[in-house]
Amino acid sequence: MVNHIEDDESLTKPLGRLSVFYYGVGHMLNDITSACWFTYLLVFLTDIGLPPSDAAVVMLSGQVADGLTTVFAGELIDRFGHFKVWHLGGSVLVGVSFSSVFGGCLPCKLIGSDSAMLQIIGYSVFAAIFNVGWAATQVSHMSMVNCITLNPTSRVVLASCRNAFTMVANLSLYAVAFVVFNVVGAGTPDAVENQYRWIAYVSIFIGSCFVAVFALGTREPRLKLEANVKGYVRISWMYWFKKILYHQVALVYLLTRLVTNVSQAFLAFYVINDLQMSLSSKALVPAIIFVCSFVVSVLLQEIKWTSQRLKGFYTAGGLLWVLCGTGILLLPRSMNSFMYILSVFIGIANALIMVTGVGMQSTLVGRDLHGCAFVYGSLSFLDKMTCGVALFVLESYQKSSPELQNCGWSYPFFSLNRYALGLVPAVCALLGVIVTCTMNLETPILVPLEEPLLG
């Protein structure tokens, strides 16, 4: 009995700085490839000659594969554990397949044909393989949080550190992209493929280095190992489906991911086509967003979290996004430099809603560890399927969007890009705030972080 109490106390003790760091870097490969996926995939495919509707099919195939894999991986992880095995296997699959997504149509080269159908099939297959590996890594990494520690504050800190390194990954991508776009020439489809191939290779190398740090520094979660040894019964799906809070958290997370993914996918189109900014802005504007997100994510690690603070900070981030979306809709081309100011507030809003949105998932799981992977997997399934359909629909209408070249500079032109980057995220953020206000989150027992990352 004494040993059990001591074990429980050790599991509720706040995590140290290194433990948080080792966990936080574990999603870097996923994050840097995901940033490239959502920011440049549609741009890349249309630049090499694919119609927007075909490019949307490629992205949808990847999102569907990702969504289905999250549920499958979550179920198997709940049954058998081995978070690190799933994480490593998924990372290998991501690294091997991602270069083929941006490296040109491999089946076209093998067969010697550039037919539209073969291009769609070729890119879609590798997009699906990449997203299968991505999903396995994501679910294993996210669900580890609840099995690493029972301390509620440390759980939010882990999520915050993970989000901070997501910003580092995105910044790394945009730094690489900025250099490549300015050094490697473009102009022909082959030259465009060469640009993105370099971006993919360097991204994989950077992400793989951090995966190695995670693998060496993080142990298999003790709570899951003990659960497997003691033979605890796995929690059924219906247990979660009967909880109102599950559906509320799922809806908030889904809306949050719609905000970040849709805005990221259409940001490059907006700054280049609508605002007529320089090509380097495709990297500079997103970089500003992620610098601000990184700073805010680090600062959020110093907070002692309660349910009210989770809800309050999410509400603040959501309302800030509503203001940013309004600015994007109304910003005229003649004032395009104000996009850099908007980028600062978008970065702050993204960090607030992402950190608190993931923190709500940890609060939902609590100490119900024997179904935690299903929770993260099922919520990721909803996220991937919804984002895939949303991006497919928006990109399908891209070809019917009116030409912008002859539009005046002194007033906003309401193109599809403006609606996708401004209106859609703003509406989703507002709905997320409304759902958050209806939640009844349990207030965790607070234990301060032992070694804050800023200490």
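Here the Cβ of each residue, glycine as well, is placed from N, Cα and C on the backbone.
TrEMBL lists 20-43 (among others) with the feature transmembrane segment.
What TrEMBL lists as transmembrane segment is 55-73 (among others).
For the transmembrane segment (85-104), same-chain residues at least 6 beyond its ends with a Cβ under 8 Å from one of its own Cβ atoms are 26, 29-30, 33, 36-37, 40-41, 44, 48, 73, 76-77, 123, 126-127, 129-130, 132-141, 193, 196-197, 199-201, 203-204, 207-208, 211, 214-215. Here TrEMBL flags 85-104 (among others) as transmembrane segment.
Counting same-chain residues at least six beyond the ends of the transmembrane segment (116-136), those with a Cβ under 8 angstroms from any Cβ of the stretch are 30, 33-34, 37, 41, 45, 50-51, 54, 57-59, 61-67, 69-70, 73, 86-87, 89-94, 96-98, 100-101, 105-108, 380, 384. Residues or ranges marked as transmembrane segment in TrEMBL: 116-136 (among others).
Note on the transmembrane segment (164-186): residues 24-25, 27-28, 31-32, 35-36, 39-40, 47, 192, 194-195, 198-199, 202-203, 206-207, 210, 279-280, 282-284, 286-287, 290-291, 293-294, 297-298, 301, 351, 354 of its chain, located 6 or more positions outside it, place their CB under 8 angstroms from a CB of the stretch. As annotated by TrEMBL, transmembrane segment applies to 164-186 (among others).
With a threshold of 8 Å between CB atoms, the same-chain residues lying at least 6 positions outside the transmembrane segment (198-216) that come near it are 22-23, 25-26, 28-33, 36, 40, 84, 87-88, 91, 94-95, 98-99, 101-103, 165, 169, 172-173, 176-177, 180, 184. According to TrEMBL, the transmembrane segment annotation covers 198-216 (among others).
What TrEMBL lists as transmembrane segment is 244-271 (among others). Long-range neighbours of the transmembrane segment (244-271) within the same chain, counting only residues 6 or more positions beyond its ends whose Cβ lies under 8 Å from a Cβ of the stretch, are 35, 38-43, 277, 281-282, 285-286, 289, 314, 321, 328, 336, 339, 346, 350, 353-354, 357-358, 360-361, 363-364, 375, 378-379, 382-383, 386-387, 390-391, 394, 398, 417-418, 420-421, 424-425, 428-429, 431-432, 435-436, 438-441.
Among residues of the same chain six or more beyond the transmembrane segment (283-300), those with a C-beta under 8 A of the stretch's C-beta atoms are 35, 39, 156, 160-161, 163-164, 166-168, 170-171, 174-175, 177-178, 181, 264, 267-268, 271, 277, 313, 339-340, 343-348, 350-352, 354-355, 453-454. According to TrEMBL, the feature transmembrane segment maps to 283-300 (among others).
Under the heading transmembrane segment, TrEMBL lists 312-331 (among others).
Within its own chain, the transmembrane segment (337-360) has Cβ neighbours under 8 Å at 142, 155-156, 159-160, 162-163, 166-167, 249, 252-253, 256, 259-260, 263, 271, 275, 277, 281, 284-286, 288-294, 296-297, 300, 305, 310-311, 313-314, 316-318, 320-321, 323-324, 327-328, 331, 429, 432, 439, 441, counting only residues six or more beyond its boundaries. As annotated by TrEMBL, transmembrane segment applies to 337-360 (among others).
Residues or ranges marked as transmembrane segment by TrEMBL: 372-394 (among others).
Feature annotation from TrEMBL assigns transmembrane segment to 419-441 (among others).
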Most Cβ pairs under 8 Å with the transmembrane segment (372-394), selected from 20-43, 55-73, 312-331, 419-441: 55-73
Leading contact stretch, 20-43, 312-331, 419-441 vs the transmembrane segment (55-73) - CB distance under 8 Å: 20-43
